[in-house]
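Asker: If you look up TrEMBL, you'll see B:51-254 marked as domain 'ABC transmembrane type-1'. Residues or ranges marked as transmembrane segment in TrEMBL: B:12-35, B:55-77, B:89-110, B:130-151, B:180-200, B:235-254.
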Amino acid sequence: MRRPALLTAAVAAAAVLLAGCGDSSSDTAGGSSSASASADDLKGTVTVFAAASLTESFTTLGRQFEQAHPGVTVKFNFAASSALAESIGQGAPADVFASASTKTMDGVDAAVDAKDFAQNTMEIAVPPDNPGKVAALADLAKPGLKIALCQEQVPCGATAKKVLDKAEITVTPKTLGADVKSVLTTVSLGEVDAGIVYRTDVRAAGDKVKGIEIPADRNASTAYPIATLKDAPNADGATAFVDYVLSADGTKVLEAAGFTAP
Amino acid sequence: MSRRTGAPAPLAVPALVAVVFLALPLVGLLVRAPWATLPHLLGDPLVREALRLSVVSALLATAISLVFGVPLAWVLARTEFPGKALVRALVTVPLVLPPVVGGVALLLAFGRRGIVGRYLDQWFDYTIPFTTTAVVLAETFVAMPFLILTVEGALRAADRRFEEASASLGAGRLTTFRRITLPLVAPSVLAGAVLCWARALGEFGATITFAGNYPGTTQTMPLAVYLALESDPDAAIALSLVLLVVSILILVALRDRVVRSA
(Lines of atoms letter the chains of each structure in order from A and count residues from 1; the text may use other names and numbers.)
(Lines give C-alpha, C1' and ligand atoms only; values in the text may rest on other atoms or scores of the structure.)
Protein backbone atom coordinates (compact mmCIF):
# COMPACT_ATOMS: atom_id res chain seq x y z
CA MET A 1 0.00 0.00 0.00
CA ARG A 2 2.75 2.40 0.94
CA ARG A 3 5.02 1.69 -1.92
CA PRO A 4 2.81 2.99 -4.79
CA ALA A 5 2.24 6.21 -2.83
CA LEU A 6 5.95 6.71 -2.40
CA LEU A 7 6.55 5.96 -6.04
CA THR A 8 3.96 8.51 -7.12
CA ALA A 9 5.59 11.10 -4.90
CA ALA A 10 8.98 10.32 -6.38
CA VAL A 11 7.68 10.57 -9.92
CA ALA A 12 5.96 13.84 -9.10
CA ALA A 13 9.15 15.22 -7.57
CA ALA A 14 11.15 14.17 -10.59
CA ALA A 15 8.61 15.81 -12.86
CA VAL A 16 8.87 19.06 -10.91
CA LEU A 17 12.64 18.92 -11.11
CA LEU A 18 12.58 18.27 -14.82
CA ALA A 19 10.09 21.06 -15.37
CA GLY A 20 12.38 23.38 -13.41
CA CYS A 21 15.32 22.47 -15.58
CA GLY A 22 13.35 22.93 -18.76
CA ASP A 23 12.18 26.35 -17.69
CA SER A 24 15.56 27.74 -16.91
CA SER A 25 17.14 26.52 -20.12
CA SER A 26 14.32 27.78 -22.34
CA ASP A 27 14.42 31.13 -20.55
CA THR A 28 18.08 31.56 -21.35
CA ALA A 29 17.20 32.54 -24.87
CA GLY A 30 15.23 35.49 -23.48
CA GLY A 31 18.41 37.24 -22.45
CA SER A 32 19.15 39.41 -19.47
CA SER A 33 16.65 42.23 -20.08
CA SER A 34 13.69 39.94 -19.46
CA ALA A 35 15.06 38.98 -16.05
CA SER A 36 14.38 42.31 -14.41
CA ALA A 37 11.26 43.05 -16.45
CA SER A 38 9.35 39.92 -15.50
CA ALA A 39 10.88 39.09 -12.16
CA ASP A 40 8.35 36.41 -11.29
CA ASP A 41 9.57 34.15 -14.08
CA LEU A 42 12.72 33.50 -12.06
CA LYS A 43 12.91 30.06 -10.55
CA GLY A 44 15.26 27.62 -8.96
CA THR A 45 18.48 28.08 -7.07
CA VAL A 46 21.11 30.71 -7.69
CA THR A 47 24.49 29.49 -6.46
CA VAL A 48 26.77 32.35 -5.48
CA PHE A 49 30.48 31.89 -4.74
CA ALA A 50 31.55 34.91 -2.74
CA ALA A 51 34.65 36.14 -0.90
CA ALA A 52 34.66 35.49 2.86
CA SER A 53 34.62 39.22 3.59
CA LEU A 54 31.20 39.44 1.92
CA THR A 55 29.59 36.93 4.29
CA GLU A 56 27.42 39.36 6.25
CA SER A 57 26.41 41.76 3.46
CA PHE A 58 25.72 39.07 0.85
CA THR A 59 23.65 37.02 3.29
CA THR A 60 21.45 40.09 3.75
CA LEU A 61 21.38 40.76 0.00
CA GLY A 62 20.44 37.15 -0.67
CA ARG A 63 17.53 37.32 1.75
CA GLN A 64 16.24 40.53 0.15
CA PHE A 65 16.67 39.06 -3.32
CA GLU A 66 14.63 36.00 -2.31
CA GLN A 67 11.88 38.26 -1.00
CA ALA A 68 11.79 40.12 -4.31
CA HIS A 69 11.72 36.84 -6.26
CA PRO A 70 9.68 34.30 -4.27
CA GLY A 71 10.51 31.46 -6.67
CA VAL A 72 14.23 31.75 -6.14
CA THR A 73 16.57 30.35 -3.48
CA VAL A 74 20.03 31.84 -3.17
CA LYS A 75 22.74 29.46 -2.03
CA PHE A 76 26.07 30.88 -0.89
CA ASN A 77 29.54 29.43 -0.74
CA PHE A 78 31.79 31.81 1.19
CA ALA A 79 35.54 31.19 1.18
CA ALA A 80 38.83 32.82 0.24
CA SER A 81 38.47 34.27 -3.28
CA SER A 82 41.43 32.30 -4.56
CA ALA A 83 40.02 29.01 -3.24
CA LEU A 84 36.69 29.79 -4.92
CA ALA A 85 38.43 30.65 -8.19
CA GLU A 86 40.23 27.33 -8.02
CA SER A 87 37.02 25.34 -7.52
CA ILE A 88 35.28 27.25 -10.33
CA GLY A 89 38.25 26.37 -12.53
CA GLN A 90 37.72 22.73 -11.55
CA GLY A 91 34.12 22.92 -12.73
CA ALA A 92 32.11 23.70 -9.59
CA PRO A 93 28.51 24.43 -10.68
CA ALA A 94 28.33 28.10 -9.67
CA ASP A 95 26.15 30.82 -11.20
CA VAL A 96 27.81 33.94 -9.81
CA PHE A 97 31.32 34.73 -8.55
CA ALA A 98 32.04 37.73 -6.34
CA SER A 99 35.73 38.16 -5.64
CA ALA A 100 37.68 40.32 -3.22
CA SER A 101 40.28 41.09 -5.84
CA THR A 102 40.39 41.96 -9.51
CA LYS A 103 43.44 39.76 -9.96
CA THR A 104 41.59 36.68 -8.77
CA MET A 105 38.62 37.51 -11.00
CA ASP A 106 40.93 37.92 -14.00
CA GLY A 107 42.17 34.39 -13.44
CA VAL A 108 38.68 32.92 -13.84
CA ASP A 109 38.17 32.15 -17.52
CA ALA A 110 34.48 31.43 -17.08
CA ALA A 111 33.70 34.91 -15.71
CA VAL A 112 31.43 36.91 -18.01
CA ASP A 113 31.63 40.70 -18.05
CA ALA A 114 33.00 41.33 -14.53
CA LYS A 115 32.00 44.63 -12.92
CA ASP A 116 33.28 46.26 -9.74
CA PHE A 117 30.47 46.60 -7.22
CA ALA A 118 32.26 47.80 -4.09
CA GLN A 119 35.53 48.86 -2.56
CA ASN A 120 36.96 48.05 0.83
CA THR A 121 39.54 50.05 2.74
CA MET A 122 41.78 48.94 5.57
CA GLU A 123 41.46 49.65 9.26
CA ILE A 124 43.50 48.77 12.33
CA ALA A 125 41.74 46.36 14.69
CA VAL A 126 42.80 46.14 18.33
CA PRO A 127 41.34 44.16 21.26
CA PRO A 128 38.61 46.16 23.07
CA ASP A 129 40.95 47.15 25.94
CA ASN A 130 43.75 48.04 23.50
CA PRO A 131 46.62 46.50 25.52
CA GLY A 132 49.26 47.81 23.12
CA LYS A 133 47.87 51.38 23.38
CA VAL A 134 47.75 51.68 19.64
CA ALA A 135 46.45 55.07 18.55
CA ALA A 136 47.69 55.46 15.00
CA LEU A 137 49.30 53.62 12.13
CA ALA A 138 52.81 54.65 13.18
CA ASP A 139 52.37 52.84 16.52
CA LEU A 140 52.45 49.50 14.70
CA ALA A 141 56.22 49.88 14.32
CA LYS A 142 56.72 50.01 18.11
CA PRO A 143 59.06 47.20 19.20
CA GLY A 144 57.51 44.53 21.39
CA LEU A 145 54.07 45.01 19.92
CA LYS A 146 52.41 41.82 18.65
CA ILE A 147 50.94 42.32 15.21
CA ALA A 148 48.94 40.02 12.93
CA LEU A 149 48.71 40.66 9.19
CA CYS A 150 47.19 38.74 6.31
CA GLN A 151 49.81 37.04 4.22
CA GLU A 152 50.68 38.94 1.08
CA GLN A 153 49.25 36.37 -1.32
CA VAL A 154 45.68 37.14 -0.23
CA PRO A 155 44.04 40.48 -1.08
CA CYS A 156 43.89 41.76 2.51
CA GLY A 157 47.63 41.16 2.91
CA ALA A 158 48.50 42.84 -0.37
CA THR A 159 46.39 45.87 0.51
CA ALA A 160 47.78 46.08 4.05
CA LYS A 161 51.29 46.06 2.57
CA LYS A 162 50.34 49.00 0.34
CA VAL A 163 49.19 50.92 3.41
CA LEU A 164 52.39 50.18 5.33
CA ASP A 165 54.56 51.01 2.31
CA LYS A 166 52.78 54.29 1.79
CA ALA A 167 53.35 55.23 5.42
CA GLU A 168 56.93 53.94 5.22
CA ILE A 169 56.45 51.77 8.27
CA THR A 170 58.20 48.45 8.78
CA VAL A 171 56.20 45.96 10.77
CA THR A 172 57.44 42.57 11.95
CA PRO A 173 54.29 40.53 12.34
CA LYS A 174 54.00 37.62 14.76
CA THR A 175 51.77 35.73 12.38
CA LEU A 176 50.50 35.91 8.82
CA GLY A 177 46.83 35.01 8.61
CA ALA A 178 45.60 32.85 5.77
CA ASP A 179 42.57 35.10 5.47
CA VAL A 180 41.22 38.24 7.03
CA LYS A 181 38.89 36.42 9.42
CA SER A 182 41.77 34.57 11.04
CA VAL A 183 43.55 37.86 11.70
CA LEU A 184 40.35 39.20 13.22
CA THR A 185 40.05 36.13 15.47
CA THR A 186 43.57 36.50 16.86
CA VAL A 187 42.84 40.17 17.56
CA SER A 188 39.48 39.56 19.21
CA LEU A 189 40.98 36.83 21.43
CA GLY A 190 43.66 39.31 22.53
CA GLU A 191 46.53 37.16 21.28
CA VAL A 192 47.96 40.08 19.34
CA ASP A 193 47.92 43.80 20.10
CA ALA A 194 46.78 44.85 16.65
CA GLY A 195 45.99 43.64 13.16
CA ILE A 196 45.23 45.27 9.84
CA VAL A 197 41.89 44.12 8.45
CA TYR A 198 39.14 45.42 6.22
CA ARG A 199 36.94 48.18 7.51
CA THR A 200 33.92 45.95 6.95
CA ASP A 201 35.39 43.29 9.24
CA VAL A 202 35.74 45.75 12.09
CA ARG A 203 32.08 46.70 11.61
CA ALA A 204 30.96 43.08 11.48
CA ALA A 205 32.91 42.17 14.62
CA GLY A 206 30.85 44.61 16.71
CA ASP A 207 32.35 45.24 20.16
CA LYS A 208 34.71 42.25 19.98
CA VAL A 209 37.39 44.50 18.50
CA LYS A 210 38.03 48.22 18.43
CA GLY A 211 38.72 49.92 15.12
CA ILE A 212 41.34 52.59 14.62
CA GLU A 213 40.87 54.41 11.36
CA ILE A 214 43.65 54.92 8.88
CA PRO A 215 43.56 58.42 7.35
CA ALA A 216 42.25 58.40 3.78
CA ASP A 217 45.49 59.74 2.28
CA ARG A 218 47.42 56.79 3.74
CA ASN A 219 44.79 54.16 3.18
CA ALA A 220 44.59 51.74 0.28
CA SER A 221 41.61 49.92 -1.11
CA THR A 222 40.75 46.78 -2.94
CA ALA A 223 38.02 46.47 -5.53
CA TYR A 224 35.34 43.75 -5.46
CA PRO A 225 34.29 42.53 -8.91
CA ILE A 226 31.23 40.37 -9.56
CA ALA A 227 30.42 38.30 -12.66
CA THR A 228 28.05 35.69 -13.93
CA LEU A 229 29.68 32.49 -15.06
CA LYS A 230 29.67 30.84 -18.46
CA ASP A 231 27.71 27.56 -18.24
CA ALA A 232 25.84 28.86 -15.18
CA PRO A 233 23.14 26.27 -14.36
CA ASN A 234 20.72 29.15 -13.72
CA ALA A 235 21.79 31.90 -16.13
CA ASP A 236 18.72 34.12 -15.66
CA GLY A 237 18.92 33.91 -11.90
CA ALA A 238 22.64 34.72 -12.09
CA THR A 239 22.06 37.86 -14.18
CA ALA A 240 19.21 39.00 -11.95
CA PHE A 241 21.32 38.54 -8.81
CA VAL A 242 24.27 40.48 -10.26
CA ASP A 243 21.87 43.26 -11.33
CA TYR A 244 20.49 43.33 -7.81
CA VAL A 245 23.93 43.65 -6.23
CA LEU A 246 24.71 46.55 -8.59
CA SER A 247 21.32 48.24 -7.96
CA ALA A 248 20.65 51.06 -5.49
CA ASP A 249 19.18 48.56 -3.02
CA GLY A 250 22.32 46.46 -3.23
CA THR A 251 24.60 49.46 -2.76
CA LYS A 252 22.63 50.47 0.34
CA VAL A 253 23.28 47.11 2.02
CA LEU A 254 26.95 47.17 1.06
CA GLU A 255 27.44 50.69 2.36
CA ALA A 256 25.77 49.82 5.65
CA ALA A 257 28.39 47.07 5.99
CA GLY A 258 31.21 49.58 5.52
CA PHE A 259 31.97 49.16 1.83
CA THR A 260 32.37 52.20 -0.37
CA ALA A 261 31.02 52.63 -3.89
CA PRO A 262 33.47 51.57 -6.64
CA MET B 1 52.90 -16.95 9.22
CA SER B 2 52.04 -15.51 5.84
CA ARG B 3 50.56 -18.34 3.78
CA ARG B 4 49.56 -16.95 0.40
CA THR B 5 46.04 -17.80 -0.61
CA GLY B 6 43.58 -15.89 -2.81
CA ALA B 7 41.05 -13.72 -1.04
CA PRO B 8 37.38 -14.73 -1.46
CA ALA B 9 35.39 -12.35 -3.67
CA PRO B 10 33.18 -10.88 -0.89
CA LEU B 11 36.39 -9.63 0.73
CA ALA B 12 38.46 -8.95 -2.36
CA VAL B 13 35.90 -6.74 -4.11
CA PRO B 14 35.26 -4.26 -1.28
CA ALA B 15 38.99 -4.26 -0.55
CA LEU B 16 39.68 -3.32 -4.13
CA VAL B 17 37.03 -0.58 -4.01
CA ALA B 18 38.71 0.80 -0.90
CA VAL B 19 42.12 0.81 -2.55
CA VAL B 20 40.83 2.52 -5.69
CA PHE B 21 38.95 5.10 -3.61
CA LEU B 22 42.06 5.91 -1.59
CA ALA B 23 44.35 5.89 -4.61
CA LEU B 24 42.36 8.02 -7.05
CA PRO B 25 42.87 11.40 -5.34
CA LEU B 26 46.56 10.58 -5.10
CA VAL B 27 46.62 9.78 -8.81
CA GLY B 28 44.94 13.14 -9.42
CA LEU B 29 47.78 14.85 -7.56
CA LEU B 30 50.43 12.88 -9.40
CA VAL B 31 48.92 13.61 -12.80
CA ARG B 32 48.72 17.35 -12.23
CA ALA B 33 52.03 17.65 -10.43
CA PRO B 34 54.50 20.04 -12.01
CA TRP B 35 57.37 17.58 -11.88
CA ALA B 36 59.82 19.99 -13.46
CA THR B 37 59.54 22.46 -10.60
CA LEU B 38 60.03 19.87 -7.85
CA PRO B 39 63.84 20.05 -7.62
CA HIS B 40 63.63 23.83 -7.69
CA LEU B 41 61.11 23.79 -4.84
CA LEU B 42 63.22 21.43 -2.77
CA GLY B 43 66.06 23.91 -3.08
CA ASP B 44 63.91 26.75 -1.79
CA PRO B 45 65.10 27.60 1.74
CA LEU B 46 61.53 28.42 2.82
CA VAL B 47 60.33 24.97 1.75
CA ARG B 48 63.26 23.25 3.44
CA GLU B 49 62.61 25.24 6.60
CA ALA B 50 58.91 24.28 6.57
CA LEU B 51 59.77 20.63 5.97
CA ARG B 52 62.34 20.57 8.77
CA LEU B 53 59.89 22.28 11.13
CA SER B 54 57.18 19.77 10.22
CA VAL B 55 59.31 16.69 10.76
CA VAL B 56 60.88 17.94 14.00
CA SER B 57 57.66 19.21 15.58
CA ALA B 58 55.79 16.02 14.64
CA LEU B 59 58.57 13.96 16.24
CA LEU B 60 58.42 16.06 19.40
CA ALA B 61 54.64 15.75 19.50
CA THR B 62 54.97 11.97 19.17
CA ALA B 63 57.59 11.83 21.94
CA ILE B 64 55.33 13.83 24.28
CA SER B 65 52.39 11.61 23.35
CA LEU B 66 54.43 8.49 24.17
CA VAL B 67 55.54 9.83 27.55
CA PHE B 68 52.04 10.83 28.65
CA GLY B 69 49.77 8.77 26.40
CA VAL B 70 51.06 5.25 27.08
CA PRO B 71 50.59 5.61 30.86
CA LEU B 72 47.08 6.99 30.27
CA ALA B 73 46.29 4.06 27.98
CA TRP B 74 47.44 1.67 30.72
CA VAL B 75 45.34 3.46 33.34
CA LEU B 76 42.28 3.25 31.07
CA ALA B 77 42.82 -0.43 30.27
CA ARG B 78 43.94 -1.80 33.62
CA THR B 79 42.38 0.22 36.41
CA GLU B 80 38.92 1.13 37.64
CA PHE B 81 38.14 4.54 39.03
CA PRO B 82 35.12 6.83 39.20
CA GLY B 83 34.76 9.01 36.14
CA LYS B 84 36.66 6.63 33.88
CA ALA B 85 34.00 6.84 31.21
CA LEU B 86 34.38 10.61 31.27
CA VAL B 87 38.16 10.40 30.88
CA ARG B 88 37.78 8.04 27.95
CA ALA B 89 35.31 10.43 26.32
CA LEU B 90 37.78 13.28 26.90
CA VAL B 91 40.45 11.34 25.02
CA THR B 92 38.22 11.18 21.95
CA VAL B 93 37.30 14.87 22.04
CA PRO B 94 40.24 16.00 19.86
CA LEU B 95 39.19 13.38 17.29
CA VAL B 96 35.68 14.76 17.05
CA LEU B 97 36.48 18.45 17.36
CA PRO B 98 37.16 20.25 14.08
CA PRO B 99 40.90 21.03 14.39
CA VAL B 100 40.31 24.77 13.93
CA VAL B 101 38.01 24.69 16.95
CA GLY B 102 40.68 22.71 18.77
CA GLY B 103 43.06 25.58 18.00
CA VAL B 104 40.64 28.14 19.41
CA ALA B 105 40.19 25.95 22.51
CA LEU B 106 43.96 25.83 22.94
CA LEU B 107 44.08 29.63 22.69
CA LEU B 108 41.38 29.88 25.36
CA ALA B 109 43.49 27.66 27.63
CA PHE B 110 47.10 28.59 26.81
CA GLY B 111 46.72 31.89 24.93
CA ARG B 112 47.69 35.25 26.33
CA ARG B 113 44.21 35.66 27.83
CA GLY B 114 43.68 31.94 28.41
CA ILE B 115 42.86 30.18 31.69
CA VAL B 116 46.48 29.11 32.18
CA GLY B 117 48.19 31.28 29.60
CA ARG B 118 47.40 34.56 31.34
CA TYR B 119 49.49 33.53 34.37
CA LEU B 120 52.39 32.48 32.15
CA ASP B 121 52.17 35.95 30.66
CA GLN B 122 51.86 37.78 34.02
CA TRP B 123 54.39 35.80 36.01
CA PHE B 124 57.00 34.79 33.47
CA ASP B 125 56.27 37.24 30.65
CA TYR B 126 55.95 34.22 28.38
CA THR B 127 53.25 33.57 25.81
CA ILE B 128 52.91 30.32 23.92
CA PRO B 129 51.02 31.27 20.72
CA PHE B 130 53.11 32.05 17.64
CA THR B 131 56.04 29.94 18.86
CA THR B 132 57.29 26.53 17.78
CA THR B 133 56.17 25.29 21.21
CA ALA B 134 52.64 26.14 20.16
CA VAL B 135 53.05 24.06 17.00
CA VAL B 136 54.15 21.06 19.07
CA LEU B 137 51.30 21.54 21.56
CA ALA B 138 48.69 21.84 18.81
CA GLU B 139 49.99 18.70 17.11
CA THR B 140 50.12 16.80 20.40
CA PHE B 141 46.55 17.79 21.22
CA VAL B 142 45.26 16.51 17.91
CA ALA B 143 47.48 13.44 17.51
CA MET B 144 47.86 11.96 21.01
CA PRO B 145 44.39 10.30 21.01
CA PHE B 146 45.47 8.11 18.08
CA LEU B 147 48.29 6.71 20.21
CA ILE B 148 46.20 6.35 23.37
CA LEU B 149 43.34 4.54 21.64
CA THR B 150 45.67 2.20 19.74
CA VAL B 151 47.65 1.25 22.84
CA GLU B 152 44.55 0.92 25.00
CA GLY B 153 42.99 -1.44 22.46
CA ALA B 154 46.13 -3.56 22.42
CA LEU B 155 46.28 -3.68 26.21
CA ARG B 156 42.69 -4.88 26.39
CA ALA B 157 43.36 -7.57 23.82
CA ALA B 158 46.66 -8.67 25.37
CA ASP B 159 46.85 -12.00 27.13
CA ARG B 160 46.55 -11.17 30.84
CA ARG B 161 48.00 -14.51 31.97
CA PHE B 162 51.57 -13.28 31.49
CA GLU B 163 50.91 -10.31 33.75
CA GLU B 164 49.20 -12.56 36.30
CA ALA B 165 52.14 -14.95 36.24
CA SER B 166 54.53 -12.07 36.74
CA ALA B 167 52.50 -10.80 39.68
CA SER B 168 52.26 -14.25 41.22
CA LEU B 169 56.05 -14.49 41.07
CA GLY B 170 56.23 -11.37 43.21
CA ALA B 171 56.77 -8.59 40.69
CA GLY B 172 55.21 -5.23 41.51
CA ARG B 173 52.79 -3.59 39.09
CA LEU B 174 55.45 -1.22 37.77
CA THR B 175 57.93 -4.04 37.17
CA THR B 176 55.23 -6.06 35.45
CA PHE B 177 54.37 -3.08 33.26
CA ARG B 178 57.99 -2.52 32.33
CA ARG B 179 59.11 -6.12 31.85
CA ILE B 180 55.93 -7.85 30.64
CA THR B 181 53.17 -5.53 29.48
CA LEU B 182 55.22 -3.04 27.50
CA PRO B 183 57.17 -5.66 25.49
CA LEU B 184 53.88 -7.48 24.89
CA VAL B 185 52.18 -4.47 23.32
CA ALA B 186 55.35 -2.94 21.82
CA PRO B 187 54.21 -3.42 18.21
CA SER B 188 50.98 -1.59 18.98
CA VAL B 189 52.82 1.20 20.74
CA LEU B 190 54.92 1.62 17.62
CA ALA B 191 51.89 1.45 15.36
CA GLY B 192 50.17 4.04 17.55
CA ALA B 193 53.26 6.23 17.50
CA VAL B 194 53.40 6.05 13.70
CA LEU B 195 49.71 6.98 13.43
CA CYS B 196 50.28 9.79 15.89
CA TRP B 197 53.31 11.06 13.98
CA ALA B 198 51.50 10.91 10.65
CA ARG B 199 48.54 12.82 12.06
CA ALA B 200 50.86 15.40 13.61
CA LEU B 201 52.76 15.80 10.35
CA GLY B 202 49.59 16.62 8.44
CA GLU B 203 48.10 18.82 11.17
CA PHE B 204 46.76 22.07 9.82
CA GLY B 205 43.70 23.56 11.52
CA ALA B 206 44.77 23.62 15.15
CA THR B 207 48.28 24.71 14.18
CA ILE B 208 47.28 27.69 12.07
CA THR B 209 44.80 28.82 14.70
CA PHE B 210 46.86 28.31 17.84
CA ALA B 211 50.42 28.73 16.55
CA GLY B 212 49.73 31.12 13.71
CA ASN B 213 51.71 31.16 10.51
CA TYR B 214 55.18 32.59 10.28
CA PRO B 215 57.98 31.19 8.14
CA GLY B 216 60.71 29.59 10.23
CA THR B 217 58.88 29.49 13.55
CA THR B 218 55.39 28.16 12.95
CA GLN B 219 54.92 27.61 9.22
CA THR B 220 54.81 23.83 8.81
CA MET B 221 54.41 22.10 5.45
CA PRO B 222 50.60 21.79 5.57
CA LEU B 223 50.40 25.54 6.23
CA ALA B 224 52.85 26.27 3.43
CA VAL B 225 50.75 24.09 1.12
CA TYR B 226 47.52 25.84 2.04
CA LEU B 227 49.04 29.28 1.63
CA ALA B 228 50.69 28.39 -1.66
CA LEU B 229 47.23 27.38 -2.87
CA GLU B 230 46.31 31.07 -2.62
CA SER B 231 48.88 32.21 -5.14
CA ASP B 232 50.15 29.19 -7.04
CA PRO B 233 48.10 25.96 -7.03
CA ASP B 234 50.85 24.10 -8.90
CA ALA B 235 53.37 24.92 -6.21
CA ALA B 236 50.84 23.74 -3.63
CA ILE B 237 50.52 20.38 -5.35
CA ALA B 238 54.29 20.06 -5.61
CA LEU B 239 54.66 20.89 -1.93
CA SER B 240 52.07 18.32 -0.91
CA LEU B 241 53.94 15.73 -2.95
CA VAL B 242 57.13 16.58 -1.12
CA LEU B 243 55.34 16.11 2.19
CA LEU B 244 53.80 12.89 0.94
CA VAL B 245 57.10 11.44 -0.26
CA VAL B 246 58.89 12.29 2.98
CA SER B 247 56.13 10.80 5.11
CA ILE B 248 55.92 7.62 3.02
CA LEU B 249 59.70 7.17 3.18
CA ILE B 250 59.68 7.50 6.95
CA LEU B 251 56.64 5.23 7.35
CA VAL B 252 58.13 2.52 5.13
CA ALA B 253 61.41 2.67 7.01
CA LEU B 254 59.58 2.32 10.32
CA ARG B 255 57.28 -0.39 8.98
CA ASP B 256 60.19 -2.57 7.99
CA ARG B 257 61.72 -2.18 11.40
CA VAL B 258 58.43 -2.98 13.15
CA VAL B 259 57.75 -6.02 11.01
CA ARG B 260 61.26 -7.33 11.58
CA SER B 261 61.11 -6.83 15.34
CA ALA B 262 57.63 -8.31 15.67
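Just so it is clear, glycine is given a Cβ too, placed from its N, Cα and C backbone atoms.
On this model, are these features tucked inside or out on the surface, and what's nearby?
Answerer: Within its own chain, the transmembrane segment (B:12-35) is flanked in space by residues 6, 234-235, 237-238, 240-241, 244, which lie at least six positions past its ends and keep a Cβ under 8 Å from the stretch.
Here the transmembrane segment (B:89-110) has Cβ contacts under 8 Å with residues 72, 76, 116-117, 120, 128-129, 134, 137-138, 141-142, 144-146, 148-149, 203-211 of the same chain, all six or more residues outside its ends.
Distant neighbours of the transmembrane segment (B:235-254): 26, 29-30, 32-34, 37-38, 41-42, 47, 51, 54-55, 190, 194, 197-198, 201-202, 221-222, 224-226, 228-229; these residues of the same chain sit at least 6 beyond its ends, with a Cβ under 8 Å from one of its Cβ atoms.
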Asker: Are there residues at least six beyond either end of the transmembrane segment (B:55-77) with Cβ under 8 Å to its Cβ atoms? List them, or say none.
Answerer: 84, 87-88, 91, 132, 135-136, 139-140, 143-144, 147-149, 151-152, 155-156, 177, 181-182, 189, 192-193, 196-197, 200-201, 203, 220, 246, 250
